[in-house]
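*Asks:* Got a structure for you, written out below as structure tokens; questions coming shortly.
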Amino acid sequence: MESTECVRVAVNIRPLITPELLNGCTDCITVAPKEPQVHIGSHTFTYDFVYGNGGYPCSEIYNHCVAPLVDALFKGYNATVLAYGQTGSGKTYTMGTNYSGDCTNGGVIPNVMEDIFRRVETTKDSSELLIRVSFIEIFKEEVFDLLDSNSSALLKNDSGVQAKHTALSRAPIQIRETASGGITLAGVTEAEVKTKEEMGSFLARGSLSRATGSTNMNSQSSRSHAIFTITLEQKKIAGGSCTTTEDGGEDILCAKLHLVDLAGSERAKRTGADGMRLKEGIHINKGLLALGNVISALGDEKKRKEGGHVPYRDSKLTRLLQDSLGGNSKTVMIACVSPADTNAEETLNTLKYANRARNIQNKAVINRDPATAQMQRMRSQIEQLQTELLFYRGDSGAFDELQILKHKISLLEASNRELHNELQERRVASEHFSKRAYDAQVEKDKLIMIIESVRNGKSLDEIESCQNEDVGLVNKYVSKIQELEGELLHIKNLKKTSNHQYSDDSYDVGPRSNNVLFPSSNESSDCEDKVMDVTDELEFQEKEIEHCSLQEKLDMELKELDKRLEEKEAEMKRFSSGGTSVLKQHYEKKVYDLEQEKRALQREIEGLRHNLASIPSGPGDGAQKLKEEYVQKLNTLETQVSVLKKKQDAQAQLMRQKQKSDDAAIKLQDEIHRIKSQKVQLQQKIKQESEQFRAWKASREKEVMQLKKEGRRNEYEMHKLMALNQKQKLVLQRKTEEASQVTKRLKELLDNRKASSRETLSGANGPGTQALMQAIEHEIEVTVRVHEVRSEYERQTEERARMAKEVARLREENELLKNAKISVHGDTMSPGARNSRIFALENMLATSSSTLVSMASQLSEAEERERVFGGRGRWNQVRTLGDAKSIMNYLFNLASTARCLARDKEADCREKDVLIRDLKEKIVKFSSYVRYMEIQKADLVHQVKAQTSAMKKLSADENLKNEHSMKKQETRNSTIVLEDMDTSDSEASDHEREDPDLDDEWKPEHESERESEQESVIKLNRKRNFKVGRRRSSVVMRRSYEENSETPSDDAVKSDVCCCTCSKSSSCKTMKCQCRATKGSCGPSCGCSSVKCSNRNADGKENNSISESEALENGENSQESDEKDKGQQQQVLASRGAMLLQNALADKPEEETNDDGGTRRRRKPLSDIGNTTGKSNVPRPSQRKKWKKTVLQLVPVGPPALPPTHTNTHLIPEANSVTVDSDTARMPENSDSGESNSIKLKLPRAMRSASSNGSNLLRERNADQNGSESGGNSGFVQSNSGRASGSRTSDEKENHTRRV
């Protein structure tokens, strides 16, 4: 029976594994709900079953896919389960090839073993089963036996790599092809198994011997294709539903189940394979490529109809799977895929191959024993030939009659089955009734014996005591009788069946002779052989008739013996039914009792006679009466003795009759034994005759089989020659067609050459060549595009893995923060920012996943296009030698141009490498120089600190010397204070901007002494200075007396040794300067300022710039130390203040750094902004006391600042320098020596006033009135009560402005 069906395909989607989840992989496969449909990107595939990821659960794979194959295996069909997919997709886990004896892991193979042996237990009564297993692997295109016990044991090291010497010790197995076209393995081990545990042990042993290894994608990757084969042979036992075939031969089925676990396809770049692993991967991919080509060839319906070539011989794997793919097998393919988007390309290729496999059609047939199958085919052929013969004889109604007979036969077979079932039921009922009849017979015999005992006068106690012995004897006789009856019935049935068989054989002579006398048209060429067959057949029939007559004669004798045996057994049964043995015992006991009673009575009579004789004969009445009593009693006893004698005689007569019956029974038993022995001898003779006839018949059948085999061989040769002839005809026809096509093509080419001869003369590049070149350009562009897409695919994969790690890290930080396991540091991201980052990364991951799937789809389509159009398909348009030369020249030009460009790029790269190397060397040098400068800076800072401490001591000595001169100067200045206080606000503002360094000449060490001298003046001018003080309260002074006393003045030292006596505000342009009058230059010992003085050399300016840079460095160092003590709120406030100041001023005022880290604005000389010079001889009032600190909140408003025309980047103030503290407000009085020339700037009056006042208009608004009017008790008190013209001078105003 042949059935055609397609290969069934199931897709198993495994879940994402831990490494894929860590890399941020997502599912790229979606399963349609309640449909076996899979979506990946823009592709949709439909299969028979889909498991995992929304489909059926994976545990249902066996029930849906493999269980029907096990049913087919027991029906005689070959079956195959094939697991296909990329490495790491779960093929070995699905198949269960890594079986270790534990069934909890599941898998196809363990379930198959359990199901097979469960079915074996249910069918062992009707069939004899023989199960064999084999386990092979295909490693490096060589077939090895995993169950070979002769080869050395395979040892594995810790990493799972097989040792080389053990791998070489195994001998490869050769593949052979049978005469019928099947594939066999020469020398493979086929172990016979009888239990599931035994089969599991072979599977586990082979799994341990299988080649495995570790790669980047799978720690235990299968490095070979494994095939576990289960061979099942079954023969029906007599009494089963299908015991024998119609000709009396046994029906033997032999089927195989192949369980294939393929090695996964892999890419060397992703697996990281090298060396031996790389070679193994090459062989694996080679075998899978051949398998894919076979699937493509079998799945293409057009090629299948045309009878195209299927490349089975390209690989040993495809040769072994030749029957499974397109052959005699029922096949299920399980495509194992990974849902990770990084594996989207391999997953798409696997799904495409699985979709093609659904189009493969297999033709599975029942695999019977060759001899039985041949007899079945011959019988079918005979029936067909008989039907055709009847049809060709002209009897058209015979065919219809045959169909009617076939229908009747089917009905009779159905009726036969029903009757057979009814017979089974009746047989069960008959056994039940026979058992009941047996019990009834035993009970009946028991009752008969009890009745006889009662009739014989036995008491109930005696009957019950003897009942057990009687029951055993009765059961023994009844069972013996039933056995004899069963044997007799069996002999009768055998006799009847033998008679029917002989009669059937005699009836079969006619049809056989008819079949011989009317050979079919197909055998007309072998008439002479058929005549010999007819004579042999007639001789065989005569011999068989003779044997049948002899058998009938022996059967008649056996029937007579059975009849006599029945009669004797019936008579024996009558004897046994009487219970003679029981009666004998009963009567013997009765006789013995009577004899005992007789002797007792005789003794009593003798005693009575003796007593009677001893009685005296006197006349007494007593003696007479006693004598009469004795006489009467004596008579009674004598009467009893006579009765007993009669009974004894009767019993003796019965005993004699019983002895006669016993002798008759013994004689009857002897006759029965003699008849049985004759029967046995006759049966042995019948059996011997049957054996002789069977041996003769077997020899004749063997000769017939040999002749038929030779006839089949001749017929096969004839068919082979006919097929060869037909094939040659087809080849000849194809060659003729090809020749005609080539001739036609040649004519077309000649016509094209004649038509294009003029074009080739005008130029080599014709339209056809241009089209070819464009096609080549297109192919190259496609290749480059594929390379770009693959590179981008790999880059996206790496980038996605990095983002996944970052998301995992951020989530872990969230969890730790929630659990309060870590503390929040300054550099830790806020929770909102972290959540936003996670959300953004997740969106990027989703976008990356869709991009990866799209690129994988493009790469898969490119590979498919390369497979279809690559090779010869790419050059189909090249039809002439000229086109080939043009294409080769064009390709040569492309290759040479690409090579030249590559060389140019290499040269550019080398130049860039040299440049990068030089830059790296410079970076190293500058880094070392920076470290050297930092060391020098630290040394200079240390020196400056030492010099500062020395200058403090020197300034203290100088202050003591100049105390007397300062008192006189203060007295002169106090007389002029009232005059200067009458000036207007604008004049005060101008005086404040006139000379920023006038207050530097004041010595803070003497302020405590000057306070007492100027008390009277301050009291007089308190009212007049109130308005001026309130207006100037915005300029916050936070400089303490103690801090001012620590800052020495370098100009004080210079004034003692000055050449000229010019003031610091003087520019030394007139002849009043002694240095200019003597035609000399001012020097560092002069009293004039280095910034204002125009009579100084460039060297001095350079020295001043050097000193200024040193001061800046010192200020930066101190500023860095101060910044560490300031809080976060001051930094924010300072940054906003800096923004406000930059928006308020067109040009940013230059600032200068003090030694202690404070900053102050550099003031421009009044001569540069158009104001008149203030009076140089104006007395300087005493400084204010320490001002109270106030908080200033600056709001950045106003238009954006204009870019400054010139700004020194190293003088830009820090953001935290706007809020001035008392610690940072100290300014050395010699800071004028480090100032550079200011840039001329014309500003409006209001802006000049704001800038000169330190831009503290907002502070003036928010300042505390009480804080601005008075300071601390230890500081110098400056009155703000009014505008007294004599209380404050322009120098004082300027000093206050500078300190802000």
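The first residue you see is number 1, and the count goes up from there.
Cβ atoms are placed via backbone N, Cα and C, with glycine included.
In case it helps, Swiss-Prot gives these features for our protein:
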DOMAIN    6-360  domain 'Kinesin motor'
BINDING   Gly85, Gln86, Thr87, Gly88, Ser89, Gly90, Lys91, Thr92  ATP binding site
COILED    580-615  coiled coil
COILED    653-697  coiled coil
COILED    781-823  coiled coil
COMPBIAS  956-971  compositional bias 'Basic and acidic residues'
REGION    956-1018  region 'Disordered'
COMPBIAS  1001-1013  compositional bias 'Basic and acidic residues'
REGION    1097-1132  region 'Disordered'
REGION    1144-1187  region 'Disordered'
COMPBIAS  1169-1180  compositional bias 'Polar residues'
REGION    1200-1300  region 'Disordered'
COMPBIAS  1205-1222  compositional bias 'Polar residues'
COMPBIAS  1230-1239  compositional bias 'Polar residues'
COMPBIAS  1275-1288  compositional bias 'Polar residues'
COMPBIAS  1289-1300  compositional bias 'Basic and acidic residues'
*Asks:* Could you find out if DSSP has Gln86 (ATP binding site) as helix, strand or coil?
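*Replies:* Once the DSSP labels are grouped into three classes, Gln86 (ATP binding site) ends up as strand.
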*Asks:* Determine the most Cβ-crowded residue among the binding-site residues Gln86, Thr87, Ser89, Thr92, using a 10 Å radius around each Cβ and all protein chains in the structure.
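*Replies:* Of the binding-site residues Gln86, Thr87, Ser89, Thr92, the highest Cβ count within 10 Å belongs to Ser89.
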*Asks:* Using the structure shown, find which entry in Gly85, Gly88, Gly90 (the binding-site residues) has the sparsest Cβ neighbourhood within 10 Å.
*Replies:* Gly90
*Asks:* Hey, what's the Cβ neighbour count for Lys91 (ATP binding site) at 10 Å?
*Replies:* 26
*Asks:* Need one number: mean pLDDT over the domain 'Kinesin motor' (6-360).
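*Replies:* Per the prediction, mean pLDDT sits at 81 for the domain 'Kinesin motor' (6-360).
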